[in-house]
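Below: one structure, written as structure tokens.
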């Protein structure tokens, strides 16, 4: 009987035993062969023996990083963010061009002006009850447009300053305050010259109305 055995026990936990032209059985300590356990027959001439697991080997060297992937598609647009706080008012724009000269006053129109109301209170007494801009004549022949409040505190108040939303820049020089500036539909300053004309025509009463960001209102006069 010719037989040969291969025991790669030091390299792999799987031991393959091959036989040719004979049979193979369990060895014994008497004949000097180690006792084999876990034998199973597979086929006509091969027996597989499962040995104990070996010691784990040393980890291999890490491989190189792969190339960067392709750029992904843009994601969907996110929801709009919250509105930020109101910024600081910008600087005043350049001075506008001088307007065209008005027409001379005719005799009929001058007489009508002389008969005009001298202030908002007189307009209210004449039956004007809507708040808005009116033409008044504090002195004879000198008219001006003024905003009359016909609702607050009995009505008849002439508004010479109104600030609501910061849409008009109030950081201006003396010349601007002298002539007046702003927008009739929002914020404005009537003008120092016009205020002087109003206050010099008689005794006036001043009323100041204020409102905070919580819509709380108060006044003083």
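Backbone N, Cα and C atoms are what each Cβ position is placed from, and that goes for glycine too.
According to Swiss-Prot, the feature disulfide bond maps to 120-148. According to DSSP, residue 148 (disulfide bond) sits within a strand segment. Around residue 148 (disulfide bond), the C-beta neighbours below 8 angstroms that are at least 6 residues distant in the chain are 120, 123, 124, 128, 131, 132, 133, 134, 136, 156, 157, 158, 159.
The domain 'Collagen-like' annotation in Swiss-Prot covers 50-104.
Residue counts for the domain 'Fibrinogen C-terminal' (111-221) under DSSP, split into helix (H, G, I), strand (E, B) and coil, are 27 helix, 33 strand, 51 coil. Taken from Swiss-Prot, the feature domain 'Fibrinogen C-terminal' covers 111-221, and the record attributes it to sequence analysis.
According to Swiss-Prot, the region 'Disordered' annotation covers 54-104.
As annotated by Swiss-Prot, signal peptide applies to 1-25.
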